[in-house]
Amino acid sequence: MTTFDDILEEAGKFGRFQKRIFALLCMASMPFAGVYVGVVFQGFTPDHWCHDPGLEQLRENCGLPLEKARRLILPLVNSSAGVLPSQCQRYDVDWNFTDLTCENLDRDITEAQRAAWPTTSCKNGWEYDYEGRESFVTEFDLVCTDAWLVDVLQAILGVGFLVGSVCIGFLADKFGRKVSFLVSNVLSALTGILVAISPNYISLVVFRALHGFGVKGGWMVAYVLITELVGVEYRRVVGVFFQMAFSCGIIVLPLVAYLIPNWRWIQVAFTLPYIIFMSYYWFVPESPRWLLSQNNSSKAVEITEALAKENKKTLSKNIKTLKDDAHSASGSFMDLIRTPNIRKYTLILSFNWFTSAVVYQGLIMRLGILGGNVYIDFLISGLVEFPAAFLILFTIERIGRRLPFATANIVSGAACLITAFIPESLLWLKTVMACVGRLGISMAFEIVMFVNTELYPTFIRNLGVSVCCTLCDIGGIVVPFLLYRLAVIWLELPLIIFGVLAVIAGGLVLLLPETKGVPLPETIDDIELPNR
């Protein structure tokens with residue numbers, strides 16, 4: 001019997017054929033970044049205040065500047081940033097029927113006079129300082145008592161990611177990688193357009209959930225497909241560079257958002273690539289490994305011969321005996337928690353997936369509430385992901401997996417904790433430490449994937465990765481509430497939570513065994529009784 005890995009020795013483990021497919025699928029990884037953290041721009045909450053229709057005429061009559069008008073109609077309130085004009089209340093005064101004149105308005109009104117004025121909520125809506133731009137926050141007035149609805153929009157995307165990963169992953173095993181990838185792109189394109197034309201908040205929630213379902217599932221299938229086409233020793237490098245394509249999407253995102261002022265057209269820009277990816281039907285083959293698992297050897301041989309031809313390699317007669325090398329044994333969820341060592345691995349890896357998602361996504365989304373230039377801040381933050389990828393490639397084969405993994409988490413956590421207590425007067429230092437935190441968690445997020453695959457025996461390896469990875473999507477559901485609600489109390493409070501989570505995750509990683517140079521485990525005994 002000849003396995004596909006045996007044939008790759010002859011056909012080429014990472015030749016022109018695989019490089020072409022890899023380039024195409026990396027392109028499919030880039031727009032996922034816009035869906036994943038596009039809320040920073042699409043759901044941006046600008047400075048806002050209550051609209052007061054009675055004041056408009058007063059401003060026209062008296063030539064009142066905007067800032068003076070805001071000070072006149074808005075009471076001062078305590079916030080996490082100090083005493084500021086209220087964004088959710090205004091004085092309940094009919095300016096056309098007061099004894100105030102334009103001359104009075106030029107003089108400062110005493111605090112005693114202000115204290116005597118009644119206040120009311122923004123019953124006439126809000127005004128936004130957003131320079132002709134529009135987010136779904138400004139369109140649907142998702143501020144003040146409705147600010148939590150922005151959290152729901154991001155959390156429901158995480159729900160779509162979670163369900164899509166499971167469902168499309170099942171379809172990929174049942175009907176093939178290529179078919180599932182194309183179906184997910186059709187769904188992503190359709191729902192992406194529906195998001196862009198959503199007439200109200202409820203429809204936006206529903207369509208974002210469906211959009212997340214298609215996008216995340218398609219991204220995972222693309223990752224699986226390219227790793228199944230290359231030789232074993234190239235899988236890790238291919239995986240890291242596939243995630244670097246996602247980082248390229250992070251870099252492009254602020255440019256797209258800067259050039260397009262409306263959230264609906266930003267959504268269209270995210271969606272257009274998925275329409276193009278439908279053409280991959282003619283350029284991307286089915287996975288020969290999956291075909292062999294379905295006993296479709298003839299089609300697998302046909303694709304493998306095309307692979308060898310494009311790689312300018314010649315196959316031996318062994319191709320005629322090509323068979324599936326998968327083990328017939330299958331595991332269950334109980335196998336992940338039944339024995340002590342595997343149970344420990346499952347709990348530690350699950351916590352690390354959760355932490356990586358919360359800290360990574362939280363640090364990105366936090367850029368939208370800091371009050372600086374969100375486009376520049378986002379770009380600088382995204383650039384640090386590239387050194388993270390190269391550090392991984394440099395360290396994991398020289399030092400090992402465990403130490404870089406633990407260090408990345410601990411450094412990220414420490415950077416978050418330090419950033420929280422650096423005063424605003426040292427903005428440059430605050431920015432540097434935040435970038436260090438982003439660098440560390442980017443490394444941890446990429447390392448956890450292949451460490452996960454190396455710690456489980458063959459018959460539960462895919463199941464183990466799937467179950468642990470589920471915590472990543474749960475983290476994505478939790479993080480918008482964790483970030484936005486805690487930031488209302490104190491802007492730096494989310495950083496402290498992120499820091500504590502990352503430090504704990506790094507400490508737990510030290511309880512895992514080193515897997516560098518260790519053969520992949522085949523049975524539970526290989527894990528529970530390694531010395532034997």
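Glycine residues also receive a Cβ, built from the backbone N, Cα and C atoms like all the rest.
Nonlocal intrachain contacts for the transmembrane segment (21-44), taken as residues 6+ away from its ends with a CB within less than 8 angstroms of a stretch CB, comprise 130, 133, 135-137, 142, 150, 153-154, 157, 181, 185, 211-212, 215-216, 218-219, 222-223, 225-226, 229-230, 238, 241-243, 245-250, 252-254, 256-257, 263, 266-267, 269-271, 273-274, 277, 280, 283-285, 361, 364-365, 367-368, 374, 378, 480. Residues or ranges marked as transmembrane segment by TrEMBL: 21-44 (among others).
The annotation domain 'Major facilitator superfamily (MFS) profile' is assigned in TrEMBL to 92-517.
Feature annotation from TrEMBL assigns transmembrane segment to 152-172 (among others).
For 179-199 (among others), the entry in TrEMBL reads transmembrane segment. Distant neighbours of the transmembrane segment (179-199): 28, 164, 168, 171-172, 207-208, 210-211, 213-215, 217-218, 221-222, 225, 264-265, 267-268, 270-271, 274-275, 277-278, 280-281, 284, 286; these residues of the same chain sit at least 6 beyond its ends, with a Cβ under 8 Å from one of its Cβ atoms.
Taken from TrEMBL, the feature transmembrane segment covers 205-226 (among others).
Within its own chain, the transmembrane segment (238-259) is flanked in space by residues 14, 22, 25-27, 29-34, 37-38, 40-42, 222-223, 226-227, 230, 266, 269, 364, 374-376, 378-379, 382-383, 385-386, 389, 392-393, 442, 446, 449-450, which lie at least six positions past its ends and keep a Cβ under 8 Å from the stretch. Annotation source TrEMBL lists transmembrane segment at 238-259 (among others).
What TrEMBL lists as transmembrane segment is 265-284 (among others).
The transmembrane segment annotation in TrEMBL covers 347-369 (among others).
Residues annotated as transmembrane segment in TrEMBL: 375-396 (among others).
Through the fold, the transmembrane segment (403-422) approaches residues 352, 355, 359, 363, 391-392, 395-396, 429-430, 433-434, 436-441, 443-444, 447-448, 451, 492-493, 495-496, 498-507, 509-510, 512 of its own chain, all at least 6 residues removed from its boundaries and within a Cβ separation under 8 Å. Annotation source TrEMBL lists transmembrane segment at 403-422 (among others).
Sequence-distant contacts of the transmembrane segment (428-451) (same chain, six or more residues past either end, CB-CB distance under 8 Å): 235-236, 239-240, 243, 247, 349, 352-353, 355-357, 359-360, 363-364, 377, 380-381, 384-385, 387-389, 391-392, 396, 401-402, 404-405, 407-413, 415-416, 418-419, 422, 465, 498-499, 502, 505-506, 512, 515. Per TrEMBL, transmembrane segment is recorded for 428-451 (among others).
TrEMBL lists 463-483 (among others) with the feature transmembrane segment.
Look at TrEMBL and you will find 489-512 (among others) tagged as transmembrane segment. Outside the transmembrane segment (489-512) by six or more residues, the chain places 80-81, 344-345, 348, 351-352, 355-356, 358-359, 362-363, 366, 369-370, 402, 405-410, 412-417, 419-421, 437, 440-441, 444, 451, 455, 482-483 with a CB less than 8 A from a CB of the stretch.
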Message: Pairs of Cβ atoms less than 8 Å apart decide it: which stretch in 205-226, 265-284, 375-396, 463-483 has the most with the transmembrane segment (152-172)?
response: 205-226
- line: Other same-chain positions with a Cβ less than 8 Å from the transmembrane segment (375-396) and lying at least 6 residues past its termini are 40, 236-237, 240-241, 243-244, 247, 250-251, 253-255, 257-258, 363-364, 367, 404, 431, 434-435, 438-440, 442-443, 446-447, 516
Field: Same-chain residues near the transmembrane segment (463-483), Cβ under 8 Å, at least 6 residues beyond its ends
entry: 39, 148, 150-152, 154-155, 157-159, 161-162, 165-166, 169, 216, 331-333, 335-336, 345-346, 349-351, 353-358, 361-362, 365-366, 369, 449, 452-453, 455-456, 494, 497
